[in-house]
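Report on one structure; see the data block that follows.
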Amino acid sequence: MREAQDLLKCERCAVYLLDLECCEASHLERIVERPGKVIERQGPLNRMQSDTVSPEDMRESGLRTPCTFTTIFELRAPGTQTLVSRPSQFDLKTSTLAQIAGYAAATGQILNIGDVAAWLNEQHSEGVAQLINKTNGTPFTDCDVSLFEAFAIFCGLGIHNTQMYENACKLMAKQKVALECLSYHATASNDVTVKLAKEDIPSAECYNLYSFSFIDFELNDGDTCKATIRMFLELNLVQEYHIPYEVLCRWVLSVKKNYRPVKYHNWRHALNVAQTMFAMFKTGKMERFMTELEILGLLVACLCHDLDHRGTNNAFQTKTDSPLAVLYSTSTMEHHHFDQCVMILNTDSNNIFQALSPEDYRKVMKIVESAILSTDLAMYFKRI
């Protein structure tokens, strides 16, 4: 605004924003003055009324340069710029600005007002940019109008982008609140976590974890969590990566809680997949060819690879045009499983990777993501 004011050599420059919901125009908090002059504060505009403004009201309001607010609304109707300079007798008698123009004529002040709509498109305007009183006392010329119209376009774009940014910030805040609520309900309670942390964890032989003939039918829900913790202990992951034991217990319980009670892709399916990977590491001696970080990432991926599975495949999600299919164009469910895994890890007191260095954290998350996305059989069959 200061640049426009200096370029066109005017005393004051203002921008009015239109609020269609309230049928009001909102004035920007500050009106730009010439450098070295005091910046005055002015309140928001009133609703457009048929009442005229008296000179006494103007004196009491402390307006340094008389101007009108109804001009803003008149300007929107024809969609053209408005120029007022030294009002004629006809204007003094017939214009809606008669009282203000009369006050200007009576006091001898020069009244030069240039209003240009700040258009977003041909049908909608964001508001009006206004210049008041050229410093040399002359009216605004056609050249001034052309320059100011170009500036008004810039104003419209800037205002629109600002409004879009504010809306985006509000949506992000709503998303954050929704995620916090979801995380609260998706996380295991503290009582259940403390109870599991205090219980003894049976040996791997007791659960038959080393065998490829492992069967989970005899295990209750509590035993499935203990068997999972035992695999982390046997692979020395808790000690190697300094995973707090209570955090590990809460994470296992949270992962279990986020599996839906579907027929197949449920928590016990995840346990069986993780146990098979564990048997490959130990009985199959595969751990000799892998780093500790890869073992950690693969075990986590096995436990999380079907999180929040709805019992339907990707083709069903695509054909029904589900929100998940809109969000993920390929490997729909697999991307969702990984996102659920990340959500649990990002929840307070659930991050079993918290002691990792930034570089190791990036590596292990890449392993988890790659492993989970690789469970999309459609992508697998394309490669063979």
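Even glycines carry a Cβ here, placed using N, Cα and C.
Per TrEMBL, Zn(2+) 1 is bound by His305, Asp306; the candidate from His242, His269, His336 named for the same site is His269. The Cβ centroid of His269, His305, Asp306 marks the Zn(2+) 1 site; residues of that chain outside this set whose Cβ lies within 8 Å of it are Tyr259, His265, Asn266, Ala270, Val273, Cys302, Cys304, Leu307, His309, His337, Thr375, given in sequence order. Each of the recorded positions His265, His269, His305 was scored by other CB atoms within 10 A of its CB, and the lowest score goes to His269.
When the alpha carbons of His265 (active site, proton donor) and Asp306 (Zn(2+) 1 binding site) are compared, the span between them is 6 angstrom.
Taking the Cβ of Asp306 (Zn(2+) 1 binding site) as centre and 10 Å as the limit, one finds 24 other Cβ atoms among all the protein chains shown.
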